[in-house]
Each structure stands twice: as C-alpha cells, then as structure tokens.
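> Below you'll find the structure I mean.
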Amino acid sequence: KTYERCELARAMKRLGLDGYWGYSLGHWVCAAKYESNFNTGATNYNPGDQSTDYGILQINSRWWCNDGKTPRTKNACKIQCRELLTADITASVNCAKRVVRDPNGMGAWVAWTKNCKGRDVSPWIRDCGL
C-alpha cells in the first residue's frame with residue numbers, strides 16, 4: 001500500500017509516534033517519505049552484508065527482523081520481516097520504536113539524517129488536521 005501523506009501522519013499519530021523518544025510526527029513522516037516514498041511494500045537489498053530493508057520505514061534484516069536469509073540476524077524486534085510489508089503499519093511502527101531507542105536515535109535511518117534532521121519538518125503534517 002502506498003499511503004497519502006496525511007493518511008500516514010494520522011496512522012502514525014494513532015500508533016503513538018508523535019513525540020516518541022523526542023521526535024515529532026513530522027520527523028517520522030519525513031523519514032517514511034525518503035525511505036520508501038510512503039510504500040509499505042518497499043524492499044531494498046544491501047549486497048555488502050546481504051541484508052534487506054523492509055517496509056515503509058525500511059527496517060533492516062541484519063538487526064531488527066528475520067527474513068530467513070540474512071546471515072547472523074539479531075532480530076531485535078522479534079518479528080518476521082514480511083510483517084513489515086503489510087498495509088497495516090502497526091508492526092513497522094512498533095519495531096521503529098525499538099530502533100529509535102538505540103543511541104543513534106533516528107540517525108539509524110540514513111535518509112532521515114540526509115533529508116530531515118535539523119530541518120523544519122512541520123510541512124510534512126501541514127493541513128492534515130492534526
């Protein structure tokens with residue numbers, strides 16, 4: 001499923017991401033835009049460590065989920081990676097909450113660091129009635 005911007009913002013807010021670990025909702029929506037273009041079915045393979053990034057927030061199989069093919073996965077979110085590809089973003093949000101608690105915070109997302117960090121992210125939730 002490809003979410004509309006405000007539709008995603010509403011879903012993320014409902015699931016408790018607004019202000020989670022100190023990051024406003026705009027940061028999460030911005031990250032999703034640049035990681036997956038709001039597409040829950042997005043996957044990207046990383047040849048270097050043979051891992052794959054999954055879903056709307058491109059959560060990585062080396063550390064966070066199990067896809068049955070990534071060597072030495074840690075599976076810190078204790079989920080199957082395919083659960084991160086569903087139209088319902090609950091699993092992605094729950095795992096993202098685990099990711100962001102690490103010392104890097106949202107810095108775990110390269111696209112966030114490049115495109116959202118230190119920027120005014122309020123336009124990402126503008127006119128969404130939130």
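Placed from the backbone N, Cα and C atoms, the Cβ positions cover glycine too.
The feature active site is assigned by Swiss-Prot to GLU35, ASP53, with sequence analysis given as support. Here Swiss-Prot flags CYS6-CYS128, CYS30-CYS116, CYS65-CYS81, CYS77-CYS95 as disulfide bond, drawing on sequence analysis. Marked as domain 'C-type lysozyme' by Swiss-Prot on the basis of sequence analysis: 1-130.
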> C-alpha of CYS116 (disulfide bond) to C-alpha of CYS95 (disulfide bond): distance in Å?
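CYS95 (disulfide bond) has its Cα 20 Å from the Cα of CYS116 (disulfide bond).
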> Tell me which residues of the chain lie with their Cβ under 8 angstroms from that of CYS65 (disulfide bond), as long as they are six or more apart in sequence?
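The list for CYS65 (disulfide bond) reads TYR54, ILE59, THR73, ASN75, CYS77, ILE79, GLN80, CYS81, GLU83, LEU84, CYS95, given in order along the sequence.
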> List the residues of the same chain that sit at least 6 positions away from CYS6 (disulfide bond) in sequence and have their Cβ under 8 Å from its Cβ, in sequence order, or write 'none'.
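The answer is ILE125, ASP127, CYS128, GLY129, LEU130.
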> Taking DSSP three-state, what's ASP53 (active site) in: helix, strand or coil?
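The three-state answer is strand.
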> If you count, for each of the disulfide-bonded residues CYS30, CYS77, CYS81, CYS116, CYS128, the other Cβ atoms lying within 10 Å of its Cβ, which residue has the minimum?
CYS128
> Between the Cα atoms of ASP53 (active site) and CYS30 (disulfide bond), what distance do you get, rounded to the nearest Å?
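Their Cα atoms are separated by 17 Å.
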